[in-house]
Amino acid sequence: FYGHLFQLKSESYALLCLTFSMVQLCDAFVMLPLRSTMTWQKTYYEKLLFYGNYVLCLCLGLLCVVFVSYWNIEWRGGFAWDASFLQFNWHPVLMVTGLVVLYGNAAILYRIPFTWSQRKQHWKLVHAALLLSSLILSILGLCAVFDFHTGYHIPNLYSLHSWVGIFTVVLFTAQWLLGLVGFLSPCSPLGFRKLLKPVHAWMGMAIFILSLASCLSGINEKLLLALNGNSNSTAAYSSHPAEALFANFLGVLIVAFGLVVLGILSNQRWKRPEPGEESSRKM
């Protein structure tokens, strides 16, 4: 009886081992390729979704620059650098181009999957160069409006728009200098970089949001001052003249551009992987 029971247990154990082996073979030849296919499809979808958003971001940024330039050429008389109204026209163009479009594209540079397989140091230099270009254009935009105010004896920094704008540029300057010292200086310790990184990212998003607010309030302020209805050559803002509708649509484009940039920055799946994560998040 005991011998028969032992033989039965042995046969059951052998059957169990055979079943387990068949399950492993099924997983190796059926489930593993299926999981690999699903992973590849998910990666392809994420990559396609990112580049769709990125192309949309580039198109909206280009439209913002074209619209703000056309607005000041068609309705404001063009450009000059002689402390006149034509010099003031450089202010919105330089601010939208530098403080919004260039800044936004510099902010999402690390999110481009193409850059993940390359040395980060090279892209740090590109990131810093784009932001420096943005900062220079912003400072030139401030010079344009300050020169215009001086020439016409208009007080500086009296409006909420000017307060937010100057604070944004000052904060931007401090952010760029801090990033230069913290991330590009060879003397910067690793512990300081790790401590600075989340602060740098948060300040970057805050500056971009302030830039959007500055440009939108500036467009609205310009329209309220220029289209006051007191001149025979201009209609009142409230009567919906073509210039007002065009400039309002420019504001909508700036909002759309900002939303796309912030959407890319807030998606953690599109964040550049840290060392050791490349294999699990490679796009």
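Each residue, glycine too, has its Cβ placed from N, Cα and C.
Heads up, TrEMBL stuff is auto-annotated, nobody curated it.
The annotation transmembrane segment is assigned in TrEMBL to 12-32 (among others).
Long-range neighbours of the transmembrane segment (53-73) within the same chain, counting only residues 6 or more positions beyond its ends whose Cβ lies under 8 Å from a Cβ of the stretch, are 79, 89, 92-93, 96-97, 100-101, 104-105, 108, 111-112, 243, 246-247, 249-250, 253-254, 256-257, 260-261, 263-264. For 53-73 (among others), the entry in TrEMBL reads transmembrane segment.
TrEMBL lists 56-266 with the feature domain 'Cytochrome b561'. Within the model, the domain 'Cytochrome b561' (56-266) shows a mean pLDDT value of 94, rounded to a whole number.
Annotated transmembrane segment per TrEMBL: 93-113 (among others), in sequence order. If one looks beyond the transmembrane segment (93-113) by at least 6 residues along the same chain, the residues whose Cβ comes under 8 Å of a Cβ in the stretch are 47, 50, 54, 57-58, 61-62, 64-65, 68-69, 72, 79, 120, 123, 126-127, 130-131, 133-138, 140-141, 144, 165, 168-169, 172, 204-205, 207-208, 211-212, 214-215, 218, 250, 254, 257-258, 261, 264-265, 267, 270-272, 283.
For the transmembrane segment (125-148), same-chain residues at least 6 beyond its ends with a Cβ under 8 Å from one of its own Cβ atoms are 81, 83-85, 87-88, 90-95, 97-99, 102-103, 105-106, 109-110, 154, 156, 165-166, 169, 172-173, 176, 179-180, 184. Per TrEMBL, transmembrane segment is recorded for 125-148 (among others).
With a cut-off of 8 Å between Cβ atoms, the residues of this chain six or more beyond the transmembrane segment (160-187) that come close are 95, 99, 103, 124-125, 128, 131-132, 134-135, 138-139, 142, 193, 196, 200, 203-204, 206-207, 210-211, 213-214, 217-218, 221. Positions annotated as transmembrane segment by TrEMBL: 160-187 (among others).
Taken from TrEMBL, the feature transmembrane segment covers 199-219 (among others).
Long-range contacts of the transmembrane segment (245-265) within the same chain, counting only residues at least 6 positions beyond its ends with a Cβ under 8 Å from a Cβ of the stretch, are 50, 53-54, 56-57, 60-61, 63-64, 67-68, 70-71, 74-75, 96, 100-101, 104, 107-108, 111, 205, 208-209, 212, 215-216, 219-220, 222-223. What TrEMBL lists as transmembrane segment is 245-265 (among others).
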